[in-house]
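Participant: According to TrEMBL, the protein carries these features:
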{"type": "TRANSMEM", "residues": "20-38", "note": "transmembrane segment"}
{"type": "TRANSMEM", "residues": "50-70", "note": "transmembrane segment"}
{"type": "TRANSMEM", "residues": "90-106", "note": "transmembrane segment"}
{"type": "TRANSMEM", "residues": "113-132", "note": "transmembrane segment"}
{"type": "TRANSMEM", "residues": "144-163", "note": "transmembrane segment"}
{"type": "TRANSMEM", "residues": "175-194", "note": "transmembrane segment"}
{"type": "TRANSMEM", "residues": "206-226", "note": "transmembrane segment"}
{"type": "TRANSMEM", "residues": "284-312", "note": "transmembrane segment"}
{"type": "TRANSMEM", "residues": "350-367", "note": "transmembrane segment"}
{"type": "TRANSMEM", "residues": "373-393", "note": "transmembrane segment"}
{"type": "TRANSMEM", "residues": "405-427", "note": "transmembrane segment"}
{"type": "TRANSMEM", "residues": "433-451", "note": "transmembrane segment"}
Amino acid sequence: MPATQQATQTHDLPRVLGASHATAIVVGTIIGSGIFLVPHEMMGAVGNSGLVYLAWIVGGLLSLFGAMTYAELGAMMPYAGGEYVYIRNAYGDMPAFLYMWTWFAVAKPASIASVTSGLARTLAIFGVFAWLEQPVFHGSTILYWSQLFAIAATWLITGLNYLGMKKAGDFQLIFTWLKGVLIVVIAVFCFTSHTGSLANFRTSFTGAQGGFGGFMVAMIAVLWAYDGWNDLTMVAGEVKRPERSLPLALIAGLFIVGALYMATNAAIQYILPAAQIASSPRPAVAAMAVVSGHAGAILVSAAMGLSIFVTLNGTIMSGARVPFAAARDRLFFHGIAHIHPRFQSPSTSLVVQALLSTLLLLVVGRFQQLFELAIFAEWLFYMITATTIFVYRKRLPDAPRPYRVWGYPVLPALFVVASAVLLYFSYAENLKNSLVGTAIILAGIPLFLGIRRRYAAEAR
């Protein structure tokens, strides 16, 4: 059966998102706290700003190659579930289930837990929120107010998405614009400040350190900052005119993000020399503190908080669609496929996702490790998903393709190779977590077989 027919069963949600909403999902989900934090890690890894900019450019291009590949797949199969749909129709039920299982059990709950805890830590910078770093019970370190705040934020945004994609999409659109404006304002403040110096750029290619390994550390930081562009494909079943809107949003969104990232990085360097960027955990905050004192630091911290909140909305929004799609295909528990009769949202999937995220947030100190496992799994499935384009080009050469990736097969192949290299470095740098991540993926096999037997028994 052609892939475009086989996947139609996953679309039962109303198409309410326009091209502007879709672009906001790409931009708003990608830009979280990374742009404000990773220049520190990158500069520490490579030692000079020239290599930092090179990493931003290479990472941006690799992400763009991936987005262009996904744009062809998404325009061809614009249904809820994104990567799950592409993997299932190319490689079958079990690989698709293992992807969904990893996404549902680890990747998205851990990502949500990490994002919300990062939001709590960012707000704790403000004196009025200093209580977030205090334990709930005096003298006990079992539970902190930051955990409860993160749980509340998770349920607040889950509630917004429960009320329907139109409301969640409008929130994403409005606050992504506001986020972008704040980032531009911060960059303008830096570039127009008399405290800046062009001399900071004159040593851009001196003092390099770390070699190829250091550059790969910087690349991993960049790709983490660019991560999230694929989330739009998960909600493709709710995008109007997806054959046009999906490619436009994916490609334009990454160009917008790349421009904002480069401008922000340059603004920070205009204010701070390389050594100070490398030594400051929050270089954007440090730069604005130099420009306008405490008020500048508050502005950046507020922008970080808003940015993380918008990322959280995109993460929760996309996360619930993958198990929903699998349940509609009878590859997961049927109740997960429930659509709210009034709000037309995957309500059960959203609630279960929030419950799993809450559980991780209550397991003090554990979710960061799980998030590292999720990063490993994400790049594994990025690679697998990108290879499906070669399968479809060979198996369905005449299938309607509203968008064809430019530079085929070279650009998709480059993205696959880059993903494989990152997987290798994940194993080399953190063998234990990578092996645990592999074990979690494989643990889905008996669950898949059990669900298969259950549905087969019901069909008799």
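If you go along the chain as it appears here, the first residue is 1 and each next one adds 1.
Each Cβ is built from the backbone N, Cα and C atoms, and glycine gets one as well.
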Participant: Select the range from 144-163, 206-226, 284-312 that forms the most Cβ-Cβ pairs under 8 Å with the transmembrane segment (175-194).
Facilitator: 284-312
Participant: May I ask for the residues of the chain that lie six or more residues beyond the transmembrane segment (50-70) and have a Cβ under 8 Å from a Cβ within it?
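Facilitator: Hits for the transmembrane segment (50-70): 39, 42-43, 82, 204-205, 208, 215, 218-219, 221-223, 225-226, 229-230, 233, 247, 250-251, 253-255, 257-258, 261-262, 265, 382, 385-386, 389, 405-407, 411-412, 414-415, 418-419.
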Participant: Do any residues of this chain, six or more beyond the ends of the transmembrane segment (113-132), have a C-beta under 8 angstroms from a C-beta of it, and if so which?
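Facilitator: Distant contacts of the transmembrane segment (113-132): 32-33, 144-147, 149-151, 153-154, 285, 297-298, 301, 304-305, 308-309, 311-312, 315, 357, 360-361, 367-368, 370-371.
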Participant: Could you name the stretch, out of 20-38, 206-226, 284-312, 373-393, 405-427, with the greatest number of CB pairs under 8 A to the transmembrane segment (90-106)?
Facilitator: 373-393
Participant: Sort out the residues at least 6 away from either end of the transmembrane segment (20-38), same chain, that have Cβ-Cβ distances under 8 Å to it, and list them.
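Facilitator: Non-local partners: 115, 118, 122, 169-170, 172-173, 175-177, 179-180, 183, 221-222, 224-229, 231-232, 235, 239, 245-246, 248-250, 252-254, 256-257, 260-261, 264-265, 281-285, 300, 303-304, 307-308, 310-311, 313-315, 317-318.
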Participant: If you count every Cβ pair below 8 Å, which range out of 206-226, 284-312, 373-393, 405-427 shares the most with the transmembrane segment (144-163)?
Facilitator: 284-312
Participant: Please report, as numbers and ranges, the same-chain residues at least 6 past the borders of the transmembrane segment (405-427) whose CB is under 8 Å from any CB of it.
Facilitator: 62, 65-66, 68-69, 71-72, 216, 219-220, 223, 375-376, 379-380, 382-383, 386-387, 389-390, 393, 433-434
Participant: What same-chain residues lie close to the transmembrane segment (373-393): Cβ under 8 Å, and 6 or more beyond its ends?
Facilitator: 3, 66, 69-70, 72-73, 76, 83, 86-87, 89-91, 95, 99, 102-103, 106-108, 110-111, 224, 227, 230, 399, 405, 408-409, 412, 415-416, 419-420, 422-423, 426, 430, 433-434, 436-437, 440-441
